[in-house]
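Participant: Encoded as structure tokens, here's the structure I'll be asking about.
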Amino acid sequence: MKFIKDATWAYKKWQTGEDVIFVDCRFDLKDPLKGKQEFETDHLPGAVYFDLDQDLSSEVRSTGGRHPLPDIKQFVQKVQNAGISNDTTVIAYDQGHPFASRFCWLMTYLGHEKTYVINRGYQEWVDQGYPTETETKAKEKGDFQPTIQTNLAVNQQYVKENRTNPNTALIDSRSFERYAGNREPIDAKAGHIPGAEHYDWVNLFTEKGYWKESSDLKKHFEGLVNYEEIIVYCGSGVTATPNVIGLWEAQLPNVKLYVGSWSDWISNPANPIETTT
């Protein structure tokens, strides 16, 4: 798999002494301070912490969703301060999958070609008996320079203009009850963007929390192979990113993230909403 790597691969890569940086993306939507606290307790050797709210997103506004893209200049500075350059091997992890996936997608969006996610994250590293540490060390500043891949992200207007295009698939990554409009625990309105198909992001993983193999992902997404474009959304552009990476691993072309996602879509009262009975 191209973006998803097992802990043994990550450990061996780190042991080589090459330019490797671990990025800790642990986060809890219900307890925003928990991830940083876990990082301070212990983390992979030399890891730097990237916070979903503070680093991987920008301030919430009236539109743009609950997790807008970070200010690119500030994010690049954070990346450089983490010691990352364009040729650095960057290995992200979390305690599950969506937050490291968000980081991986964001780095890929900025043109970094060597960013990966550890399969099953921090827990797999620990279960394999690989070392962790508690201290944090200052990094020599990297010189990462972004080249934004504009084809990887779309906004609300783009979705409006293309959601009925027969060559475009629109997929909703949330749970079925949220997609159907039966229950909405977070956002002000329930339902989904009309025409969207349902692909819950959690179905990319085995019962033990591993990513499914590429062959299984291809089978999972086989209903999308004939589309020329696939737009992926969720509630706020976070849990959609595992679906984006899963689609990449399944080798489907022209996959785009609707960054603002459902929370952005419903910020416009004129936008239509669909429910499923």
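In case you wondered, yes, glycine gets a Cβ from its N, Cα and C as well.
Pulled the feature table from TrEMBL, pasting it below:
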type   : residues : note
DOMAIN : 16-134   : domain 'Rhodanese'
DOMAIN : 164-274  : domain 'Rhodanese'
Participant: Per DSSP, what is the helix/strand/coil residue tally across the domain 'Rhodanese' (164-274)?
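Facilitator: Split into helix, strand and coil, the domain 'Rhodanese' (164-274) gives 34 helix, 20 strand, 57 coil.
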Participant: Suppose you look only at the domain 'Rhodanese' (164-274); what would the mean pLDDT be?
Facilitator: 98
